[in-house]
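The structure under discussion appears below in the form of structure tokens.
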Amino acid sequence: MDSYINLNHISTEELKHVDLNGVNVNCNPPDVEPQRQYYFMAKCRHIVKSESERLGRPLYACIQVFGCQMNARDSEKLAGILREVGYELTENEDADFVIYNTCTVRDNANQRVYGRLGHLNSLKKKKKHMKIALCGCMMQEPSAVEKIKQSYRFVDLIFGTHNIYKFAELLVTMFESDRMVVDIWQETDQIVESLPVERKYPFKSGINIMFGCNNFCSYCIVPYVRGRERSRRPEEIIHEIEMLVSEGVVEVMLLGQNVNSYGRNLEESITFAQLLRQVEQIEGLKRIRFMTSHPKDLSDELIQVMKESKKICRHLHLPLQSGSTRILKAMNRRYTKEQYLVLVEKIRKEIPDLAITTDIIVGFPGEAPCDVDETIDVVRKVKYDNAFTFIYSKRTGTPAATMENQVPEAVVKEGFDRLLKVVQDTARERAGLLEGKTMDALVEEVNEQDASLVTGRLSNNTMVHFKGDASLIGQIVPVYLKECHGFYYLGEKDEKTF
Ligand code: SAH
Ligand code: SF4
Ligand code: F3S
């Protein structure tokens, strides 16, 4: 037994190098995290190994991302654990284990999950040992879980957003049970770090700097399914980024529902702008992005830091939601049309080459065509580089869902189409501004349509395609932006400066 490792006596740092085959899974699991999860990973490894021996082939797992960047980042954490316990990862749903990481921000996200579950059921009928798990934001809604328990009884495991760090433990429970395992927590104040992560890209990564949201915009379900706002300590964030950079990451995306309120719940107070200053100092890191900025909390200090920075990308996502002050008030956004416009003017004056994108909702309860006119007016004045336009979706449990004056579908559609046209027109005006210039692009992949081209991302988030091969992936390359084709450029590698 001496050759076994006892996880109770091992530090979080050392855990990363533990050979899970040497962990004693016959003793009781440790009480502390993340040691406890490493114990369950070791246990799960045995289960996966014997199943794979029985089948005479590796076991495959497939994770589907249904939501935002946080959802994608959570999926990387799940993938890390799956890889650690012995699964091969695949994009193909005809796998031994399929996990849907769900989203519930709009009803169509939920409907997509239900639609695709039917298909999974037919796959499972042909493959009895197949396991299916559902997790993510939609699972934090009791009505969705109830529906799955009733009508989708072939699902093996359901868990939520607060306990994803317990994935290894849940996997073991799932394998040891012959019934559906459901574990949903209402809240958590725990932030468990140092678990394995399987990144989608070797050269760029998202980093959670905070979890949850305290803003309670009246249409939005996120604060209910993600819980209260919790910031990670700056030293943990910096440490994680340093580790990533040592593994080859050159671009990070700092993630939070409202990064501008970062640090408010921490004992030692720190602002988002101060955090950015620290991240900027990390040697080897080339690019910094962040998402999302709430206009009400965007400080002058942040504008200054962005302006002075050599690494922060020239892109700001600044959700407007509506251009009508009356609707903004009902949405509980806590800024007026005028305040938003003044903010944009200030930002544009300080950082003229910044691309600004936004989110807009059409059809919020009580919205009249004249309110859409106000939104259109803002779009014309700001000239967004891109705007994501959404039709209002009623989310049960939010204040807006019980507002009486819900807008008829035909009126919403008319407003949506009118807005979309202006969004497209103004975005077209902005596109092409960089034509004829040479800009740095981070090469992300070989072009899907034409293998003689690679695709890179400019600092302002626009894509450029140019001649090159896979050896350029992950490199930052100066590219001459020859022609603008709507939302992307065709370019040429600038050999003089590369
Ligand atoms: N925290 C971020 C984004 C959260 S969700 C922020 O505040 O900007 C992403 C986008 O989904 C929101 O910006 C909003 O435009 C949209 N959205 C949220 N709830 C919605 C709803 N009920 N109906 C339609 N769109 C919604
Ligand atoms: Fe939702 Fe508003 Fe929070 Fe964004 S800031 S997640 S829109 S409540
Ligand atoms: Fe993101 Fe959807 Fe949840 S947008 S936070 S995955 S509800």
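Using the three backbone atoms N, Cα and C, a Cβ is placed for every residue, glycine included.
Annotated domain 'MTTase N-terminal' per TrEMBL: 59-176, in sequence order. Residues in the domain 'MTTase N-terminal' (59-176) partition by DSSP class (helix H, G, I; strand E, B; coil) as 63 helix, 23 strand, 32 coil.
Residues annotated as [4Fe-4S] cluster 1 binding site in TrEMBL: C68, C103, C137. Around C68 ([4Fe-4S] cluster 1 binding site), taking its Cβ as the centre, 18 other Cβ atoms fall within 10 Å, counting all chains.
The domain 'Radical SAM core' annotation in TrEMBL covers 199-429.
Annotation source TrEMBL lists [4Fe-4S] cluster 2 binding site at C213, C217, C220. Here C213 ([4Fe-4S] cluster 2 binding site) comes close to C220, V222, P223, R226, R228, E229, Q257, N258: these same-chain residues lie at least six apart in sequence, with C-beta atoms under 8 angstroms from its C-beta. C213 ([4Fe-4S] cluster 2 binding site) falls outside any helix or strand according to DSSP and counts as coil.
Here TrEMBL flags 432-495 as domain 'TRAM'.
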*asked:* Roughly how many Å lie between the Cα atoms of C217 ([4Fe-4S] cluster 2 binding site) and C137 ([4Fe-4S] cluster 1 binding site), rounded to a whole value?
replied: 17
*Summarise the domain 'TRAM' (432-495) by DSSP state, stating how many residues are helix, strand and coil.*
3 helix, 36 strand, 25 coil
*Considering only the binding-site residues C103, C137, C220, which possess a Cβ situated under 6 angstroms from at least one atom of ligand 1?*
C220
*Go through the binding-site residues C68, C103, C137, C213, C217, C220 and pull out the ones with a Cβ less than 6 angstroms from some atom of ligand 3.*
C68, C103, C137
